[in-house]
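Data block below; observations after.
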């Protein structure tokens, strides 16, 4: 059965996940690559590498911090979620920003060790700051940094100032590079992108159907996830709460995103994959889990063929 196959983390499962996501990435970008030539294709190959790196980083963060057990559910779920929305696979900036946010998440969760705290806060803020240059509204993930400080090192006042210092350092670097390259200052207007609240494209079946499935999965799996949090150890509990905040912030980023073509949902996939994986781990209904996994994996093919 499919759930049994992905219940263990093995090299073959990662190969399958990589092939699965690569096929849909090529399909999503093929026509534009034909029109744009070699350099565009080379750039897209680099973006695919970043996307695959995001999958492996998600797996590493989950296992290292006990967000899930050692299985391949979260990686195949992340891949399937991404492949449901071809626009997400076409948005280079969103893919890069998502990887940077995952790098920040790794540092935020590792605050629980209470070692090298200042460095970890600085790194997390720095990654999110860079992500916001490519995808402005990912700046909202800064709330993850402050939540991490609050639950792990909130009693030290200097820790609350570290994100400000990190942003000042990043601003100095970006401004210096801008002066060297364009001979002009990097300003707020260069960084800021106004929110867009036009959700008319969400009525299209190609977006509405997979989005409805993901929202239903979120609600269903969250009930089980809250139970997992209650039974978790104190250290793991805070990390699991961070994932809950992560998914809420991902929804907020999608709401404020300037382009509503489903690419803005990319930040939603990693935390949802972790939450649904926890459901798979605790659920006794193996047939229902099997149906969900088959549905999630086949839906990208169905959408591609019929919509």
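We count from 1, first residue shown onward.
From the backbone N, Cα and C atoms, a Cβ is placed for every residue, glycine too.
For the transmembrane segment (12-30), the list of distant contacts is 5-6, 44, 48, 51-52, 55-56, 59, 72, 75-76, 79-80, 82-83, 86-87, 89-90, 297, 300, 304: same-chain residues at least six beyond its ends, Cβ to Cβ under 8 Å. Taken from TrEMBL, the feature transmembrane segment covers 12-30 (among others).
For 42-61 (among others), the entry in TrEMBL reads transmembrane segment.
The feature transmembrane segment is assigned by TrEMBL to 73-105 (among others).
The annotation transmembrane segment is assigned in TrEMBL to 125-149 (among others).
As annotated by TrEMBL, transmembrane segment applies to 161-186 (among others). Sequence-remote contacts of a segment are chain residues at least 6 beyond its ends whose Cβ falls under 8 Å from one of its Cβ atoms, and for the transmembrane segment (161-186) they are 118, 121-122, 125-126, 129-130, 133, 142, 145-146.
Remote same-chain residues near the transmembrane segment (206-228) are listed as 81, 84-85, 240, 244, 247, 261-262, 265, 268, 272, 275-276, 278-279, 281-283, 292, 295-296, 299-300, 303, 307 (criterion: CB distance under 8 Å, separation of at least six residues from the stretch ends). Per TrEMBL, the feature transmembrane segment maps to 206-228 (among others).
Per TrEMBL, transmembrane segment is recorded for 240-259 (among others).
As annotated by TrEMBL, transmembrane segment applies to 265-280 (among others).
Positions annotated as transmembrane segment by TrEMBL: 287-306 (among others).
Ranked by the number of CB pairs under 8 Å to the transmembrane segment (265-280), the listed stretches 73-105, 125-149, 287-306 are led by 73-105.
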